[in-house]
Amino acid sequence: MSNSVSLPSYRALEWQGDELTGSLKLIDQTVLPTQLKHIDGNTVELIWEAIKQLKVRGAPAIGVAAAYGIVVGLQPLFQPGAEVSREEFDRQLARVAKYLAESRPTAVNLFWAIQRMEQVAKDHPQCSAADLQQRLLLEAQAIETEDRAMCARLGEFGASLLPANTGILTHCNTGGLATAGDGTAFAALAHAHAAGKQIHVYADETRPLLQGARLTMWELMQRGIPCTLITDSMAGQVMKEGRIGAAIIGADRITARGDAANKIGTYSVAVLCHYHKIPFYVSAPSSTFDLTLLEGKSIPIEERVSTEITHPGGVQLAPTGANVYNPAFDFAPAELITAIITEKGIIQPVTEANVRKVLGA
Ligand SMILES: CSC[C@H]1O[C@H](OP(=O)(O)O)[C@H](O)[C@@H]1O
């Protein structure tokens with residue numbers, strides 16, 4: 001019996017109001033799963049901080065949040081009775097765009113969304129500041145709406161590849177919390193479940209910030225999708241036991257040859273899948289591709305504070321002064337990826353020629 005794929009009842013982010021007084025309502029993902037708490041992103045500083053601290057996270061969601069962050073960041077220009085010149089507006093737009101671009105370095109969706117917003121100003125050099133502010137809100141809303149449609153396509157294409165009656169391993173979180181819609185890799189899980197494929201999801205906890213344990217398990221259980229939480233170090237064992245028929249993960253930046261940067265631990269999952277001859281799928285929108293880069297080693301990898309590892313949840317687990325290395329991402333080389341699922345189609349085998357062919361680039 002198949003169930004229909006329902007959009008999540010929660011939304012990682014939601015715009016409220018108009019271009020001059022509106023704000024971005026965000027789920028604070030750092031306190032899930034025990035608290036469903038919202039923050040009101042009514043200043044660009046709050047939105048910047050929410051991105052930096054992973055209160056809002058996930059490549060597509062970061063892009064949507066930054067797009068709205070630009071609208072919010074320009075609102076202070078419009079004070080009652082004050083005339084805003086286009087020159088001043090353009091100066092402030094450049095400042096806010098640069099500020100938001102400095103929040104996190106790896107997810108290319110952030111820069112893609114900011115550039116799309118800046119392009120609106122370039123495309124309308126003669127319009128007034130007030131008119132442009134309205135156009136910027138429309139562009140941010142378009143980015144959000146397109147993201148929702150993208151998730152649906154990723155879900156359909158991804159589900160078509162997932163085997164039935166087996167376990168599917170996933171890493172980090174790629175669901176509605178990481179996007180404006182139903183997710184990327186997560187959408188494939190939801191669509192496969194709804195299609196009656198009888199899958200069982202094995203979710204890596206995903207240290208150090210535990211997006212898998214805290215967020216993916218929460219999303220799967222919200223949707224009634226059979227699931228089991230495992231530690232990252234158990235991925236090989238569940239494969240060895242024959243529990244896993246495929247793995248599917250998201251991405252934060254994919255190069256022209258198909259090297260895919262994703263949450264730390266992704267490379268290990270890809271190598272384990274290769275060894276166990278298990279299909280390894282990457283699911284990501286075309287906005288996650290950076291065709292200016294060829295090799296994964298060129299992708300800027302965010303390094304985060306050591307306390308994420310030494311003091312998870314504020315509890316000290318390592319000696320004071322311990323040396324720590326905390327890269328937030330690694331990358332799976334194209335050679336280890338069975339296929340990359342995009343909203344424009346499936347890239348398989350993963351080669352630069354096929355990347356460009358499917359993306360039409
Ligand atoms: C749907 S993109 C999700 C992608 O982003 C996550 O990183 P973070 O939680 O640090 O924003 C992770 O790499 C996911 O695969």
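One-based numbering along the chain as shown.
Backbone N, Cα and C define each Cβ position, glycine as well.
Just so you know, TrEMBL annotations are computer predictions that nobody has curated.
Listed by TrEMBL as binding substrate are ARG57, GLY58, ALA59, GLN211, ASN262, LYS263; the candidate from ARG91, ARG95, ARG104 that the record includes in that site is ARG104.
LYS263 (substrate binding site) carries a strand DSSP state (E or B).
Between the binding-site residues ARG57, ARG104, the minimum number of other C-beta atoms within 10 Å of a residue's C-beta occurs at ARG104. Here CYS172 (site 'Transition state stabilizer') is positioned 11 angstrom away from ARG57 (substrate binding site), judged by their C-alpha atoms. Those same-chain residues not listed among ARG57, GLY58, ALA59, ARG104, GLN211, ASN262, LYS263 yet with C-beta within 8 angstroms of the centroid of the substrate site C-beta atoms are LEU54, ILE62, ALA107, CYS172, ASN173, ALA178, GLY250, ASP252, ALA328, PHE329.
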